[in-house]
Each structure stands twice: as C-alpha cells, then as structure tokens.
Amino acid sequence: MDATTSGTPTIQYHNIPDQPITTIVATQLPTFQRQLRHCFGDSSPGEFPLSANPSIVLHVLTSCSLYPQDLAKLEATCSFFKKPANFAPDFDLSLSELAALDMCQKRAIFKPMTTEQQQDLKQRCGGSWKLVLRFLMAGEACCRREKSQAIAGPGHSIAVTSKGVVYSFGSNSSGQLGHGTTKEEWQPRPIRALQGIRIIQATVATGRTMLISDFGQVYAFGKDSFGEAENGIQGSKMVTAPQLVESLKNIFVVQAAIGNFFTAVLSREGRVYTFSWGSDGKLCHHTDPNDVEPRPLLGALEHMPVVQIAAGFCYLLCLVCQPSGMSVYSVGCGLGGKLGHGSKTDEKYPRLIEQFQVLNLQPKVVAAGAWHAAVVGQDGRICTWGWGRCGCLGHGNEECESVPKVVEELRDVKAVHVATGDYTTFVVADNGDVYSFGCGESASLGHNPENNEQGDMHANVLSPKLVSSMKEINEKVVQISLTNSIYWNAHTFALTESGKLYAFGAGDKGQLGVELGANHTERGKPERLDIDLG
C-alpha cells in the first residue's frame, strides 16, 4: 500500500521539508547546532538521545505499524536506522528491517511459516523484510483477508463475519450452501459443519462454493468439479457439506477464484495454481477437464510474488508485487480485448499489461468481470477494458477497449475498491460513495426510479452514476460484490464499515437473504439483511 494513500500520516523525520536526499546530505549544519545535537561524547554528529536505546526505538516503530515506505524513508534520512542493530534473530539487520520483520510476524499467514519458508518468501519478494511486509499488506488490502466479506454468487450468497463464521443462503440445487441438503434457504444460515474453523476467504460459482481457512486449507461443496462451472457435463456429482480439497493439502492457500472453465488458487508465497481447462494449453498445461490436481501457472510469474487473482469467464488476472512496484499480468481468452494487450488474441502464458506504465498508474486492486476488467490505482484512478456492452466500461459508449483506459468521469473521485460482474461495474470511493454503470437488468445497479416507473431501474447506464440510495443509509461502504455470471440474474451486496450488509437486485431464489412479496422477484432499493458481520 502507498503510505500517502493509506490514511496513516507519514512521519516527518527531523522536521525536514520535502527535498532531494542529496540536498539533505549536502546541507551543512551551523556549528552551534552540531554541538547541541552531539549528545554522546565521541558519537557522530547527528545522533539523538534515543539512539542509546535502540530497543525503545524498535518498539515504537513496531507499535506504530508503519508502512514499508515509511520505514524506507527512515533509512534514507538517518544512518541510525540503516546500520546493523545487533538484535536477534539477525544481528546484521537494521532497525527498520527488524521492525518490518516484527510486523510480518503478526500476520496470520506469515506466523506459522518455518524460518526456511520465511527466508524463501523474503528472496521471492526481493530480499528485504520491508518488501515482504508490503507484499502481505497488499494482499490484505485487495482481498479483505481476515475481514468480514460478502459474496453475491449466481443464485446463492455467502457472508463471512470478521470472526470467520460463514452464512449461506439462496439457491441450493447442488448443495452449494453446505448445509447437507439441497433445500433453498431464504434467510442467512450459519454452516454448522464449519464450527471451530475460521474462514478468511470465500469464492463462488454456479452451484459451487469454496472457502479458505486461516490455516490455508480449502473446503469445497456443491458441484464436484473444478471446471465447466456453468452448465457443462462435469460436476454431476454433488457434495452437500464442506469437504476438504485433498489435492491442496500441501499448499497453504490464501485466495481462490473460479472462472467458467477453470479454478485458480493463490498460495501464501504468491504462487498461482490452476485446475482444468488445460486440454489445449490455455493455462500453460495440457490436462483433462476432470483433472483435480493443481498445476503451477508457468511462465513469467513462476518467480514473482502474486498478491491477488481474479477470474473472468475465460481468463485470469494476476496482481504482482515487485521491488519496482505493482503490475498486472493476464492469461487466457483474449476476445474483446479483455487481456489488455491491445489485441484480441489468446495468451497461453501470463503476459504483462504494459499500458499501466504508459498511464503512470500503480495498480492496487484488480477485478475480472465475465467479459471486462477493471483496476484501482494507488492514486485512486479507475481503469477499465474489454467488452463495453451496456456501458460497463464507463466511457459513455458501448465500445470495446483492448488496453486499460482511465474512466474520465471519475477523475475527481479517489477510488479504493472496484467490483465487476456480467457487463456491470461498481466503484467505491474513499469517502464511502458508490458509483455503478453498465447493465441494469434485475435492478442490480441500485438506481431507483425517481418517477415510480418500473422500467427506469432496469436501464443501462453508460457512464458512472452515483448510487444515491446507498448515501441514504448514512453508512460508509467498504466492499461491493455482484453476480459474475452470464446465466443468472444479478444481485448486489454492499458491506459497510460497521459490518452491516445491504442487498438489492434479483432475489427469486432467496439470494438476497429475505423473502420477497408475492409476484416479486427482485428489489431495486438496498435493504439491510438481518445479520451483523462486524
């Protein structure tokens, strides 16, 4: 995360105004100032009292939870923070490196790692604990890891509390709710079989649910298939209760994403593995569609740490954390230009989307809709590309874009989150405002008719439009989730900072968590669910 956009003020060291490092170093202090700061006899000019107590300084650095960029600035402005601190576990580490390591140790996915695994991750991230910390924090920021979340799936829904308790509701024809039955649920119901297991991530597809525990274990239920999620011949077998995925037992998984023809998982070390859709080498390997073994995503990303994955109908996006900054790679079907390379050709191996360098934009969050994609930049800009049907790219038309393009109408909005579905896009601003554009079917955009005409809330929206109904709830929205399927009517969830969950859109299967009135199949106005995820 960028310290300048994190909400945590950057510390002003020695009250030095912003200026080049060379200028700071070259500036000569007046004699009387040097004498005043020369506190320890033979110690070097520029020392300060706390330098005699580095353990106190280390405690302050760690307890303040500084960002990696702040720790790097400390090293750049004062040699005290750069020289070896002579502390265990590594006497050669500087105070800023020790502080970064200490903050890494507080992360749930880092703490259980062996020393060897931690060192391997350090090398994979670029050889610095500050870079490891940035990698971990980037994953937390874009995936709501270990935080409450809601997933609006195709006909069914999943909600995860901040304590890792999972609720499910909606369609259950394949047992995808995990309650041991195939009965629909119109009210959020906790999955009893997961009692005692803390879930930190969830993902869904048609008739299928995957959950990830804080120990990196993956539980799946519903259609027993890693491919052909929508209506293929695979998945005829049903699993109606959470079942541990045996083939992933030796991989500590932190995120999963399900496309129509494949499933992808991300390990805590930032490695990507895929299942299925390899018969023609679309994802680097040649495998049978029924294959249940995870295959490493080969090519450019084999030695790069990935912090987030996002799956569309037939393609995969990977957000990568490198010492030089954040970048996005894409692989899969290129129809409509949704891979972002300026063409419509397929890519069998991950390929860097170079347009972000042209735009001078550091990606922070990626989202893969069925046929289009979006990115939030560190500076709050939003880029979209791919199929432009129904105005889902927000550029005021329905044209395709084969490279990422900044959404000009949101230039004055600092975005922190983006969600994409089937020709639909939502953007959340840093102040909690919500904007939506694209396909208006099922009233899933949240734009209520002002003149009581039913047709208004189903209209397509070609440019970003403020969802005024969300402002009326007087709650800051932190996450949006919407149905990402071309075969199901869409619904949308809005999760607030306090843990309240609001829903609107299609509700014919109970996926909104409430029973609708007679002859009603959808809801145009956000309504709060009787569940607290905080």
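Along the chain as shown, the residues are counted starting at 1.
Note: Cβ is positioned from N, Cα and C throughout, glycine not excepted.
According to TrEMBL, the feature domain 'RCC1-like' maps to 148-482.
The repeat 'RCC1' annotation in TrEMBL covers 164-215 (among others).
Annotation source TrEMBL lists repeat 'RCC1' at 216-269 (among others).
The repeat 'RCC1' feature in TrEMBL is assigned to 270-322 (among others). When pLDDT values are averaged over the repeat 'RCC1' (270-322), the model yields 83.
Secondary structure of the repeat 'RCC1' (326-379) per DSSP, as helix, strand and coil residue counts: 7 helix, 25 strand, 22 coil. What TrEMBL lists as repeat 'RCC1' is 326-379 (among others).
Residues or ranges marked as repeat 'RCC1' by TrEMBL: 380-431 (among others).
Per-class residue totals from DSSP over the repeat 'RCC1' (432-498), listed helix then strand then coil: 12 helix, 23 strand, 32 coil. Annotation comment: TrEMBL describes 432-498 (among others) as repeat 'RCC1'.
For 499-534 (among others), the entry in TrEMBL reads repeat 'RCC1'. Sorting each residue of the repeat 'RCC1' (499-534) by its DSSP state yields 0 helix, 18 strand, 18 coil.
Secondary structure counts, DSSP: the repeat 'RCC1' (164-215) has 3 helix, 24 strand, 25 coil.
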